[in-house]
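Participant: Here it is: the structure, laid out below.
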Amino acid sequence: MDLHSTPKTTIVIFGATGDLAKRKLFPSIFNLYQAGKLSEEFAVVGLARREWSNFTLREVVNESISSANDDLIEKFCKHFYYLPFDVTRNDSYINLDKLLKEVEDVYGIPGNRIFYMSTSPEFFGTIASNLKAHQLTETKGWTRLIIEKPFGRDAASAEQLNNEISQAFSEDEIYRIDHYLGKDMVQNIEVIRFANSIFEPLWNNHYISNVQITLSETLGVEDRGGYYDTSGAMRDMVQNHVLQLVSLLAMDPPIRLTPEEVRHEKIKVLRALKPVATDNASEYFVRGQYIPGIMNDQEVPGYRSEESVSPKSITETFVAGKLQIENHRWTGVPFYIRTGKRLESKTTKVIIEFKNMPLNLYFNGEKDTSNLLSINIQPVEGITLLLNGKKEGTSGEAVPVQLDYNNKNDDISSTPEAYERLIYNCLLGDATNFAHSDEVLLSWKYVDPILKAWQSDKVEIAEYESGTMGPKASDDLLAKDGNHWWPVN
Ligand code: NAD
């Protein structure tokens, strides 16, 4: 991240008493402040229903930060203001207008405002139209909107939400958060691809056999069962994070690194995705649900016994799929994706499997000889390349050798967290790592027919034991093509 100090700004957080604000937003803003990336003239206005005071909010902010520098924390917390707020009430917006003008006076902020929607998605539209109605977006500076996922629950609702927020904000003022796009290694995908002449010539269907993307979690639904049961892995992970990764991996090189050019290339990939029809969704997509199992020597419950989950739920906690991109570069190369909860390991990893040599001189036909490029996103960050070399002491036997470039743990702890990076980008007006409305809509249009097939229990929901890498049907999906999942641990 370049070290630019940000413009004088007020950040308005709707839902300041919530989980996201406390766990991610306050610590991220503090880290920017501590690193000298935030202008001294900034204010944060927290809004939520609770009758808190500035003092209560400052205490909560203080608790959310881990730093030994108490003086700095105290100085930082003084920039926080709280207003009890109901998103549906006019007087709330009138009070907000007054408070914003006051804090802008205190810090000499020229009307630059970020409105951060960290509240239940059902309120996003209401907030946007009220901001417009009360002229809170009409200032002498700039105004921007940061909006959290989920962005709709299908193409129709996403389009409606877009229409609502675009009454108050233009597309270039809207920053749709996909926190995967804030991760260092995700941003590194473009650098690896476009700054190394050894990869780009091979990055196509002449040399790549298949691409495998795994986003696995060990946790179950924890205390989010109520929300998750209405969402599922397709909406929670595939429509946004997985498809964003697919588009970064498959896009053509942009002519410039501007938000418009990068998004243009990503959108072309999403447009080239071969649609999956509702009738044959099962041929390309597998859904699964976790049942009890042993993890870390402890028995864990199945999904249907989790708190706030229906005992008859058919919500998927696992998805595996085969995506096809129909363009010159990718036709014939399957992009296999899988994501799920209560899996064996917490990993985000992309594996590019290259085609084998046409004539195999060194292996006896039983061993895998494929060259693999792994892009490790978490928990380890870096890349690994699997090559073949001569086995020492033999006359001509080959063995796989691994080249690693992975960040050590101490490097990772000093790399900025995704939210920190994204808030910083928004303060600087750089929308490259946020999702454009076209990307969101195209992604929904791709997953909608599959979700439609899964609305009833007629399509099998494959059970998988907690602590495994998903149902057998996920392995079968690749086996049909003569492929298999490469280990991710
Ligand atoms: P939360 O339920 O913990 O907090 C919601 C906040 O909205 C609270 O501050 C609450 O007071 C406020 N609120 C509710 N009704 C209101 C009203 N009528 N007027 C004013 N304020 C009202 O939710 P959260 O986990 O912080 O999530 C916030 C948003 O971020 C959601 O859209 C969620 O989907 C998204 N998100 C959360 C996480 C996470 O890790 N928590 C991750 C990704 C996305």
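Every residue number used here counts from 1 along the chain in the order it is shown.
Any Cβ shown, glycine's included, is placed from N, Cα and C.
TrEMBL lists His241 with the feature active site, proton acceptor. According to TrEMBL, the feature NADP(+) binding site maps to Gly15, Ala16, Thr17, Gly18, Asp19, Leu20, Ala21, Lys22, Arg49, Asp86, Val87, Lys149. According to TrEMBL, the substrate binding site annotation covers His179, Lys183, Glu217, Asp236, Lys341, Lys346. Residues annotated as domain 'Glucose-6-phosphate dehydrogenase NAD-binding' in TrEMBL: 12-188. Per TrEMBL, the feature domain 'Glucose-6-phosphate dehydrogenase C-terminal' maps to 191-486.
Let's see these features in context: how buried, what's close, how far.
Facilitator: Neighbour density for His241 (active site, proton acceptor): within 10 A of its CB lie 21 other CB atoms from the protein chains shown. The secondary structure of His241 (active site, proton acceptor), as reduced to three states from DSSP, is helical.
Cβ environment of Ala21 (NADP(+) binding site): Ile13, Gly15, Gly46, Ser118 lie under 8 Å away, each six or more residues apart in the same chain.
Lys346 (substrate binding site) falls within neither a helix nor a strand when secondary structure is assigned with DSSP, and so counts as coil. Take the CB of Lys346 (substrate binding site) and look out to 10 A: across all protein chains shown you find 12 other CB atoms.
Within the model, the domain 'Glucose-6-phosphate dehydrogenase NAD-binding' (12-188) shows a mean pLDDT value of 95, rounded to a whole number.
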Participant: Relative to ligand 1, which of the recorded positions Lys183, His241, Lys341, Lys346 have a Cβ found under 6 Å from one of its atoms?
Facilitator: none
Participant: If the substrate binders are His179, Lys183, Glu217, Asp236, Lys341, Lys346 per the record, what's the largest distance between their Cα atoms, in Å?
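Facilitator: So the maximum pairwise Cα distance among the substrate binders is 20 Å.
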Participant: Would you mind reading off the Cα separation of Asp19 (NADP(+) binding site) from His179 (substrate binding site), to the nearest angstrom?
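Facilitator: Cα of Asp19 (NADP(+) binding site) to Cα of His179 (substrate binding site) measures 16 Å after rounding.
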Participant: Round to a whole number and give the Cα-to-Cα distance in Å for the pair Glu217 (substrate binding site) and Val87 (NADP(+) binding site).
Facilitator: 34
